[in-house]
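This report refers to the structure that appears directly beneath it.
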Amino acid sequence: MEPNMDANSITITVEGMTCISCVRTIEQQIGKVNGVHHIKVSLEEKSATVIYNPKLQTPKTLQEAIDDMGFDALLHNANPLPVLTNTVFLTVTAPLALPWDHIQSTLLKTKGVTGVKISPQQRSAVVTIIPSVVSANQIVELVPDLSLDMGTQEKKSGTSEEHSTPQAGEVLLKMRVEGMTCHSCTSTIEGKVGKLQGVQRIKVSLDNQEATIVYQPHLITAEEIKKQIEAVGFPAFIKKQPKYLKLGAIDVERLKSTPVKSSEGSQQKSPAYPSDSAITFTIDGMHCKSCVSNIESALSTLQYVSSIVVSLENRSAIVKYNASLVTPEILRKAIEAVSPGQYRVSISSEVESPTSSPSSSSLQKMPLNLVSQPLTQEVVININGMTCNSCVQSIEGVISKKPGVKSIHVSLTNSTGTIEYDPLLTSPEPLREAIEDMGFDAVLPADMKEPLVVIAQPSLETPLLPSTTEPENVMTPVQNKCYIQVSGMTCASCVANIERNLRREEGIYSVLVALMAGKAEVRYNPAVIQPRVIAELIRELGFGAVVMENAGEGNGILELVVRGMTCASCVHKIESTLTKHKGIFYCSVALATNKAHIKYDPEIIGPRDIIHTIGNLGFEASLVKKDRSANHLDHKREIKQWRGSFLVSLFFCIPVMGLMIYMMVMDHHLATLNHNQNMSNEEMINMHSSMFLERQILPGLSIMNLLSLLLCLPVQFCGGWYFYIQAYKALRHKTANMDVLIVLATTIAFAYSLVILLVAMYERAKVNPITFFDTPPMLFVFIALGRWLEHIAKGKTSEALAKLISLQATEATIVTLNSENLLLSEEQVDVELVQRGDIIKVVPGGKFPVDGRVIEGHSMVDESLITGEAMPVAKKPGSTVIAGSINQNGSLLIRATHVGADTTLSQIVKLVEEAQTSKAPIQQFADKLSGYFVPFIVLVSIVTLLVWIIIGFQNFEIVEAYFPGYNRSISRTETIIRFAFQASITVLCIACPCSLGLATPTAVMVGTGVGAQNGILIKGGEPLEMAHKVKVVVFDKTGTITHGTPVVNQVKVLVESNKISRNKILAIVGTAESNSEHPLGAAVTKYCKQELDTETLGTCTDFQVVPGCGISCKVTNIEGLLHKSNLKIEENNIKNASLVQIDAINEQSSPSSSMIIDAHLSNAVNTQQYKVLIGNREWMIRNGLVISNDVDESMIEHERRGRTAVLVTIDDELCGLIAIADTVKPEAELAVHILKSMGLEVVLMTGDNSKTARSIASQVGITKVFAEVLPSHKVAKVKQLQEEGKRVAMVGDGINDSPALAMASVGIAIGTGTDVAIEAADVVLIRNDLLDVVASIDLSRKTVKRIRINFVFALIYNLIGIPIAAGVFLPIGLVLQPWMGSAAMAASSVSVVLSSLFLKLYRKPTYDNYELRPRSHTGQRSPSEISVHVGIDDTSRNSPRLGLLDRIVNYSRASINSLLSDKRSLNSVVTSEPDKHSLLVGDFREDDDTTL
């Protein structure tokens, strides 16, 4: 491959992200942009790193694309960095199945492909790729007819430069790491961080307490690296901002361009070098054959490597190389560089061998599936001279770095060191000498012998086999485990479908599907089947499936408190013991915090096992207690805080208000005296100063000002403490909020008053200054009251979520059973200690702690708080139970299937939490407005101050006329300043961005909470807002409009009743169909069992199935069945009847009290055998049976109604006709009618045939139908409707509808019970009720209406309140004091929250409420009113409106055609339809018994 630079990388700062949902949204949306190859978004660093094609995108366009999503995107550095790309040369190896244009288009659409050049004449293609995004092997897999061109590849490699272009876009990061005490600490950090994907290199310095890291920002962020270091137990701090760098010469050498191996593999490598050596590497991180191919491709092309064999099963690679040109360490790094961060490579063994030896020649031709196993030995060395744990750590740190040492554990107590090592790389003697070199006395045990390592010399026949001296063992099948992300599941039937079909496949041992998590865990034999094949099998079932590469590790995380540790030796003892346990991936113990962080595989080991292991070491371990309560949702702490602040402020505010009222009364009294006696200004001053409160204690300090100051101080700095904290935090983060405004207003008023009071005292003024000490107490009283009421209201908005969280159980009773399922012991454990597979006992009245399956017992379970299902649900062995539901009567034993965060309840809680914290698009407008609001208000306040000062000095009469409480004892200048200052502070007090900020989130929280209580899960603000804009509702048919399972509609007996009875026919048919796996057969069997009131049927032999036609078999042993069953009396036993129609649904027959049966039947030993045929017309004709015209016409009528008609023959005589159909849900017609009455267009879209679709549409009242639409075409249909300018809601059961649900403006998934498809839709209806579709749109409209009302309140309040406060309306007498402004401000926030709480009064309309409407408004339609569109084409096929003569002609033609052929054209069916409504209510009713 030839390196070049056709891609750039840019890092964009993104503001406005609040949660991981924002990160996913940006990655999904920008990832779809044309020209974007890869994007990595970091919430912590508020940045997005994008790899893109510079020919299609620029940094500016990417910034604008993120801006358009509602986030603030900033380009601090607009200069992009180049990203390494490679050139792949492809050639045609077989006749092309696809045209060149299609191949080029396919390749260009692939992420990571930057360019494609096609040469049809030379039958080749040149593809430019980004190797970190897509590999050459993946390109070849996309186009099977093309393969890598080795000739061109080698030619290009030979002419290339000595050094390839370095990987651009790498970043250098330096971090300060505290708490490191020895080299073991540095090794731990380097080992942990060095394995992370995206980390290229790391060096930790113990002396400098510093880590230097080189990483790729598009794969990992600095914050993630910091978290990983802290997870090990060391505090880490970023010293300086990361900066981009270029690689050095050594790294350039490692990345040197090399040709790709030939298609023959590594076997056709260049001849061996004179000094060839063979080495075995252990490789962790390989998941599939693609990994094997990538490593072999990369290594086999290096000049100094003669051959390589990689084994996926043994996780190893054997490399033959020239030891004079390259070292094993370079080879190890070369393997890790194939996919940085994915592979973890260690050296297992190295054997030098001359090239002429048999082993070398055999190694070149080594088969892929044969590899030597790495060999390890253990030695115990006696060590004397150790005095403390520092000695222990020193020995462990030095020896652990020696080549070949796998692990070391030094015991200070026993004076020993236990070392596990690779005997091919080292031996006990060098290890003993190394310890002695450190100053200790080291002695090997007396009986110590050098381990004998037998290495089998590989031969041509058996290369690198183990020693032949060992007995040959029978290989047991290997079990591997993989995880597959499954999308499109909506209910338990989807789960059962996947599990049932996968278990049938060879090589698959077990399957466990988690519906809520959308994940399947599969155990398989890697020699038989691979994960990608399993994913393809799931896709064939109609679901989306992707192999989760890294899901197998770290899927269990445990936080423990460990008590009893005293030193670092204790820490090491716990860590080394646990990491040796199978199933534990990682363990980190922090001595300072007494905490252990453990990652484990729940399938192999559980939390109780880990705690027990630590206990056996002499320590006490317990779970870190987590707050499972919903206290953070009910705002109790905030309510208590603001209540305290309000009471403190109120305590000091009441005297201040008393003083203010007293002064207002006295000022009014003086003004009256002045008006009556016309006193001079000097007399007014004397009169004013003679008042008690105006008397001066000190010159310039009056009693009034002193009392006001003393009362203001505690309020300002105690009652207002929380405001100062919040304001400081806001300003520190360079933002301004409501708290900043409040602190500004109160601090300015307090500081101004204090300054002028001090100045007056300094000048010994005779006239007391006018102060504003009364402003802060009054402001804080009303603001604290507002916050108190606001948090009380907010607590109410989260009641639904708090109720869900409170359902979670805290403890579980785990029982132990013996082989006979008898109870041996019980144990109460914390619910977080429950492991998958545990047997749990749930007593009556108890909560189910986890999801599980009942293994013993019967009971009724209340699931109403989770599913909304009012009636208790019966549970028996095999039934699934949900965490949080309540057991009513009867004890149950359940086996845990999903625990911890995987339970259904946890997933629903997580979904509702994410929904309530997500933002609606309308909220983005409010957020931007609030961002500019505070600076704008501060500016308006300053302008108000200046304007009134200017007006006052220009025209004092205006201030004199409108200044409340003005008297001439105050100087003009002081009056002007006081009036302007008062207006300015009032503007600060009355302005409130809080009401804007609360308008949307409070309504969204209440709306989603109310929805959850009513079984409607809405995923956040965006779908909640979007649903009210919907103009078209598209329904899927199967499982949505209909029940999704076929049922028997009618049974017609076609023989005289004295020949064979109806019940006998049902017994024979039920027995015959019981062996069928076809859904129609299952429906027939179920119906027969219900009619005969039995669970057992006869015996079926010689069963044969002919797909597309029917079945044949022989039935016996039905006489006993008929004798035991409580059979019904035959009605109207008319001998001349040739056909009896019996309704399968509404028939009501009284049970017979007696039955006449021939004695020989009941007592017969050899029962009669019946030859049975069941199937369609073609099956009957094949078997030589003649179908009469009457029967054929009856079948035509059923088929016209969208039913499947099957015929039954017993002993070569046509005996019955059975009509089967998927029935319409009872509420479907009502739901469609209501949606239409709401002004919405309703469309039916189905993959079924047009006849069935037309029939269903006519029953529910839908006039527009898209029939015979493939699942892949449903997306196109939705998109087509959207292109017409319509907002589309897609309603489906999610099995084949998930792409269309994702494409729709609002995707609504209908589930049964709690089985919810959280990835397939925006709105999930827990109950299988179509009226919830109406309720979800109705709730959306109510919520959006409430949001708009809230915005009107907030905007009108600010638009009117601010001008009033600024004094604009003084001419009409509107004047506000600062305390009035603060009261109004508090009232605005409370009013918005209370307005949102009105949504809690919402009641979902019920079926009974809807049924109160007049029955004349039913929505059934005649065929002529229905427009059917077939397939992907948009050609409308309207039913023709024919005249009477045309109808008679067409009916006759249809009858003649029915005798000639079994296939009906669309037109013949459509024209032969009578009016549907007349059929449903007229003579041809389903509950009639018709005799032909």
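Each Cβ is built from the backbone N, Cα and C atoms, and glycine gets one as well.
Keep in mind the model is a prediction, meaning the values are calculated, not measured.
According to Swiss-Prot, the features are:
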TOPO_DOM  1-645  topological domain 'Cytoplasmic'
BINDING   T18, C19, C22  Cu(+) 1 binding site
BINDING   C182, C185  Cu(+) 2 binding site
MOD_RES   S270  phosphoserine
BINDING   C288, C291  Cu(+) 3 binding site
MOD_RES   S339  phosphoserine
MOD_RES   S362  phosphoserine
DOMAIN    377-443  domain 'HMA 5'
BINDING   C388, C391  Cu(+) 4 binding site
DOMAIN    480-546  domain 'HMA 6'
BINDING   C491, C494  Cu(+) 5 binding site
BINDING   C567, C570  Cu(+) 6 binding site
TOPO_DOM  668-706  topological domain 'Extracellular'
TOPO_DOM  727-733  topological domain 'Cytoplasmic'
TOPO_DOM  755-773  topological domain 'Extracellular'
TOPO_DOM  795-927  topological domain 'Cytoplasmic'
TOPO_DOM  952-981  topological domain 'Extracellular'
TOPO_DOM  1004-1348  topological domain 'Cytoplasmic'
BINDING   E1073  ATP binding site
BINDING   D1293, D1297  Mg(2+) binding site
TOPO_DOM  1367-1377  topological domain 'Extracellular'
TOPO_DOM  1398-1492  topological domain 'Cytoplasmic'
MOD_RES   S1422  phosphoserine
MOD_RES   S1424  phosphoserine
MOD_RES   S1452  phosphoserine
MOD_RES   S1455  phosphoserine
MOD_RES   S1458  phosphoserine
MOD_RES   S1461  phosphoserine
MOD_RES   S1465  phosphoserine
MOD_RES   S1468  phosphoserine
MOD_RES   S1478  phosphoserine
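Where Swiss-Prot records a feature, it is marked here on the structure.
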{"residue": "C182", "record": "Cu(+) 2 binding site", "Cβ contacts under 8 Å, 6 or more apart": "L206, S390, Q393, S394, G397"}
{"residue": "C185", "record": "Cu(+) 2 binding site", "Cβ contacts under 8 Å, 6 or more apart": "G179, L206, F234"}
{"residue": "S339", "record": "phosphoserine", "Cβ contacts under 8 Å, 6 or more apart": "G285, C291, N294"}
{"residue": "C388", "record": "Cu(+) 4 binding site", "Cβ contacts under 8 Å, 6 or more apart": "L412"}
{"residue": "C391", "record": "Cu(+) 4 binding site", "Cβ contacts under 8 Å, 6 or more apart": "G385, L412, F440"}
{"residue": "C567", "record": "Cu(+) 6 binding site", "Cβ contacts under 8 Å, 6 or more apart": "N389, L591"}
{"residue": "C570", "record": "Cu(+) 6 binding site", "Cβ contacts under 8 Å, 6 or more apart": "G564, L591, F619"}
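Comparing C494 (Cu(+) 5 binding site) with the residue listed as 'ATP binding site', their Cα atoms are 24 Å apart once rounded. On the 0 to 100 pLDDT scale, the domain 'HMA 5' (377-443) averages 82 in the predicted structure.
Sequence-distant contacts of the topological domain 'Extracellular' (755-773), counting only residues of its own chain at least 6 positions beyond either end whose CB sits under 8 Å from a CB of the stretch, comprise 656, 685, 689, 694, 696, 698-702, 704-705, 708-709, 711-712, 749, 969-971, 974, 978, 981-982, 985, 1378.
Sequence-distant contacts (6 or more apart, same chain, Cβ under 8 Å) of C22 (Cu(+) 1 binding site) comprise G16, L43, F71.
Here the topological domain 'Cytoplasmic' (727-733) has Cβ contacts under 8 Å with residues 739-740, 742-743 of the same chain, all six or more residues outside its ends. Between the binding-site residues C19, C291, C494, C494 has the most other Cβ atoms inside 10 Å of its own Cβ, all protein chains included.
Sequence-distant contacts of the topological domain 'Extracellular' (1367-1377), counting only residues of its own chain at least 6 positions beyond either end whose CB sits under 8 Å from a CB of the stretch, comprise 944, 948, 958, 962, 964, 982-983, 986, 990, 1384. Straight-line distance linking the Cα atoms of the residue listed as 'ATP binding site' and C19 (Cu(+) 1 binding site), rounded to a whole number, equals 54 Å. Of the listed binding-site residues, namely T18, E1073, the sparsest Cβ surroundings within 10 Å are found at T18.
For C19 (Cu(+) 1 binding site) paired with D1293 (Mg(2+) binding site), the C-alpha to C-alpha distance reads 29 Å. Following the DSSP three-state reduction, the secondary structure of C391 (Cu(+) 4 binding site) is helix.
Secondary structure at C494 (Cu(+) 5 binding site), taken from DSSP and collapsed to helix, strand or coil, is helix.
Across the topological domain 'Extracellular' (1367-1377), DSSP assigns 3 helix, 0 strand, 8 coil. For the pair T18 (Cu(+) 1 binding site) and D1293 (Mg(2+) binding site), the Cα-Cα distance reads 32 Å.
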